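K.L.:
Shown below is the structure under consideration.
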């Protein structure tokens, strides 16, 4: 607090503009207009991400051969990782095949859009726009519930998700609402918020340490020490963010696979 | 304190719902999913299946080749064993045959040599007999001739004796000097 006071006092008039939700709001600075619709940077990133993912896989498999080239090998490694370690291992070898395109598209779409946070000249995580994360979580909700209802019927599926097995019926009044709440209602919310919050917080931290470091150096005095230190921390956080970007894409996809697997299961 | 910190007023709620972004996210991801589902996944699965098949086929081919090679090797080893056996047999046979031939040869040579010796002995015997016969005849003639001469002169005294011998010798000399005729 004392530090903050000092800074605000020293920078009278100008002050330090702390990064906040405003740093994520591009509605006032659209890149261009398309049919009367303001197109912002995150929107362009979203589409660019999809284009990059498809371009990579299309190039890798355009001339697919039994003995792979370098690009095909990379494509196969990427595709195979999601297919085998997420799809097959979680959903099981009986049903996983038809979900693989969804999981592959989801994982790499998330990965590239998260990685945009660390790619120079872009440097913004697309899914720190909550509505974009809501869309993917909503889609996930529709898919796993749809899959479950398709397999077990509406009643059977609700029973599967809400009534825990191996529990005395006495406990049902307590557990059934809880299970229903946790399996049907909360899942999409946590899915979306986990992704959004991680991207949002990571980016916020980076802005804070970068612009804060600059401000401290301009402020002088102890800032000559604290400013560069802040930048060193910003670099460290950047590396941490790389890990978080990958992990969030992985966790989102993994949870999708687990929800699908749970919906397909014969017993809760 | 917060009066001094400039905070942008009236910012949107970061958790707020922006329909355009929600829709764009759905549509973009939907298109990406469709493209992956339509163009990427089948290619991958096909390549994967082909590769599995190629590897399995390769392994099967290698196994059959290996079995074939093993069979060939066994056959060759058997043939080699047979050949060794055969060679030993032939060598044994040859040794026996050689020994037999040598024995035969020795026998033949011995027979031949004894035959030659026998023949030589017979010849020598025959020649001896012949020589004895002819010698006996000649000795008889000579003895008869000599006896006749001796009988022709009386050997009474020494003078006569020496005369007879001298005449005999002279006769011999004369005969040798005038003619080359024999003594008889």
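Just so it is clear, glycine is given a Cβ too, placed from its N, Cα and C backbone atoms.
Bear in mind that TrEMBL entries carry predicted annotations, made automatically and left uncurated.
Sharing the feature lines straight out of TrEMBL:
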TRANSMEM  A:43-61  transmembrane segment
TRANSMEM  A:99-119  transmembrane segment
TRANSMEM  A:131-149  transmembrane segment
TRANSMEM  A:195-217  transmembrane segment
TRANSMEM  A:229-251  transmembrane segment
K.L.:
Using a Cβ cut-off under 8 Å, which residues of the same chain at least 6 positions beyond either end of the transmembrane segment (A:99-119) come close to it?
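P.N.:
Beyond its ends, the transmembrane segment (A:99-119) has Cβ neighbours at 45-46, 49-50, 52-53, 56-57, 78-79, 82-83, 86-87, 91, 125-128, 136, 143, 195, 199, 202-203, 206, 238, 241-242, 244-246, 248-250, 252-253, 256-257, 260.
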K.L.:
Near the transmembrane segment (A:229-251), which residues from the same chain, at least 6 beyond its ends, have a CB less than 8 A from one of its CBs?
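P.N.:
Distant Cβ neighbours of the transmembrane segment (A:229-251) are 86, 107-108, 110-111, 114-115, 117-118, 125, 127, 194-195, 198-199, 202-203, 205-206, 209-210, 212-213, 216.
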K.L.:
Can you name the far-off residues of the same chain, 6+ from the ends of the transmembrane segment (A:131-149), with a Cβ under 8 Å from a Cβ of it?
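P.N.:
Here the qualifying positions are 42, 46, 102, 106, 110, 157, 160-161, 184, 187-189, 191-193, 195-196, 199, 252, 255-256, 259-260, 262-264.
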